[in-house]
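Trainee: Before anything else, here's the structure in question.
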Amino acid sequence: MLPTLNLTGDVILAEHLSHRFGKIGLGDVVLVRSPRDPKRMVTKRILGLEGDRLTFSADPLVGDSSVSVVIPKGHVWIQGDNLYASTDSRHFGPIPYSLIEGKALLRVWPPEYFGSLR
């Protein structure tokens with residue numbers, strides 16, 4: 001999630017109810033159980049909700065080829081803020097809501113960066 005979150009040292013306040021009631025939206029930063037390693041938690045931004053059609057660059061480092069997907073019911077599209085170094089829905093596809101563990105509300109540490117993650 002660079003540059004929004006640092007790899008070490010940032011502490012965020014998250015809540016664990018909104019996603020259970022469908023109260024997550026585009027741009028929200030969420031805590032997600034990794035589809036590739038269920039023991040690992042990742043932080044990503046929601047860029048697509050069920051029914052949305054997204055077009056994205058297949059590999060931004062290599063060329064201009066693009067891929068279009070429609071997000072299926074019960075799924076979301078997540079991406080990290082670091083386009084070139086993030087493993088996200090571009091690699092493993094839309095993720096089910098059930099993998100979402102929480103919604104990040106704000107950064108609380110370090111103090112000079114206290115506030116919203118938007």
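Glycine is no exception: its Cβ is also placed from the backbone N, Cα and C atoms.
Below are the features I grabbed from TrEMBL:
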DOMAIN    1-62  domain 'Peptidase S26'
DOMAIN    69-109  domain 'Peptidase S26'
Trainee: State the non-local partners of the domain 'Peptidase S26' (69-109) in its own chain: residues 6+ outside its ends, Cβ under 8 Å from one of its Cβ atoms.
Mentor: 1-5, 9-16, 18-19, 22, 24, 28-33, 35-36, 41, 43-54, 56, 58, 60-61, 115-117
Trainee: Across the domain 'Peptidase S26' (1-62), what does the pLDDT come to on average, as a whole number?
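Mentor: Averaged over the domain 'Peptidase S26' (1-62), per-residue pLDDT gives 87.
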